[in-house]
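First up is the structure itself, then whatever we jot down about it.
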Amino acid sequence: MIRVAINGYGRIGRSILRALYESGKRQQIQIVAINELAKPEAIIHLTQYDTTHGRFQHKVKLVDNHMLIGDDAIKILHEPDAAKLPWREMDIDIVYEATGVILDRQSCEAHIHAGAKQVLISHPSSADVDGTIVYGVNHDLLRAEHTVVSNASCTTNCIVPVIDVLDKHFGVKSGAITTIHSAMNDQQVIDAYHDDLRRTRAAGQSIIPVDTKLARGIERILPHMKDKFEAISVRVPTINVTAIDLSVTLAKTVDIASVNQVLELAANGRFNGILGYTDEPLVSCDFNHDPRSSIVDGTQTRVSAGQLVKLLLWCDNEWGFANRMLDTSLAMIAAKQS
């Protein structure tokens, strides 16, 4: 049984916990502790009730500063200094680092010094970590000596499996990406101050361009794609589910049918459970709570002049990513034991 702690219990932290109990992986992973500065009553309430994902299927109680879920008792901590967390006493195997602010190796090593054996960051990180993993594409690169690992981003997990499939079958020469991302909690409900002037504006009233390092994230997973991609991102007034508009120039001549065929085969084969394919007339809310990293919308595939291909990809940027955190942590332990 893997003993884990969650540091930072926001959207991703809570999704990880709920996904654990829904995914069937509870027999492999035990959440021992949650470190979050919010009041315990709010932690319990937001675990039980969620606007995006609905009510949690298990009853959650607060008893003696523990979250009780069935027979599981999860210690709730409120320690702002990661170096002071009781990971050694709790025998923590992996910390899910989900604060969104501890992103480099030096900061994450506070968890290691506190006694945790490994750290998995729920965010793109600095380049000095042991590895950045997109589960299903490069998790086989994990090694026993890896202690600090990044799970990349939700959009990197969405797009990289698709690029990998296209490159292996047709060769990818270059690409351009537009991420159409749901609003996030770094935006404002009504106009308010922010360092990014666009993010001073009300999230529910505008399509808001934001910076993205998605193209660099692709390079980290697929180094041979260096300088082949550029990306932009906009936030839209929805609370969950992201779409990615992917345009790629291929080395081989293709048509819509051949592109969709290889992606559907990959979804049913090598990337089963990670990549999906649909030809139904669906909209973004239909992918809410979908555990897969990416779903190709085959109805929107377009081909121009035989080599320029446009695809539409969907992902639940919370739930899909939370499920990959579970998968990557299991792969980290497997690598450590091999």
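Each residue, glycine too, has its Cβ placed from N, Cα and C.
Feature annotations, courtesy of Swiss-Prot:
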ACT_SITE  Cys154  active site, nucleophile
BINDING   Arg11, Ile12, Asn317  NAD(+) binding site
BINDING   Ser153, Cys154, Thr155, Arg199, Thr212, Lys213, Arg235  substrate binding site
SITE      His181  site 'Activates thiol group during catalysis'
Original post:
Taking the Cβ of His181 (site 'Activates thiol group during catalysis') as centre, how many other Cβ atoms lie within 10 Å?
Top reply: 22
Original post:
Ranking the binding-site residues Arg199, Lys213, Arg235 by other Cβ atoms within 10 Å, which is at the bottom?
Top reply: Lys213
Subject >> Candidates Ile12, Arg199, Thr212, Lys213, Asn317 (binding-site residues) - the one closest to the residue listed as 'active site, nucleophile' by CA >> reply: Asn317
Original post:
If you draw a 10 Å sphere around the Cβ of Arg11 (NAD(+) binding site), how many other Cβ atoms fall inside it, taking every protein chain shown into account?
Top reply: 23
Original post:
Which site among Ser153, Thr155, Thr212 has the most other CB atoms no more than 10 Å from its CB, taking these as binding-site residues?
Top reply: Thr155
**OP:** Measure between the Cα atoms of every pair in Arg11, Ile12, Asn317, the residues the record assigns to NAD(+), and report the largest value in Å, rounded to a whole number.
**Re:** 10
Subject >> Other C-beta atoms that fall within 10 angstroms of the C-beta of Cys154 (active site, nucleophile) >> reply: 25
Subject >> Those recorded positions of Arg11, His181, Asn317 having Cα within 10 angstroms of Arg235 (substrate binding site) >> reply: His181
**OP:** Across all the protein chains here, work out how many other Cβ atoms are within 10 Å of the Cβ of Asn317 (NAD(+) binding site).
**Re:** 24
**OP:** Rounded to whole angstrom, what's the largest C-alpha distance between any two of Ser153, Cys154, Thr155, Arg199, Thr212, Lys213, Arg235, listed as binding substrate?
**Re:** 20
Original post:
Quick one: which residues besides Arg11, Ile12, Asn317 have a Cβ within 8 Å of the NAD(+) site's Cβ centroid, in sequence order?
Top reply: Gly10, Ser15, Ser122, Cys154, Met184, Glu318, Phe321, Ala322
Subject >> Residues near Ile12 (NAD(+) binding site) in space but at least six apart in sequence (CB under 8 A) >> reply: Ala98, Gly100, Ser122, Glu318, Phe321, Ala322, Met325
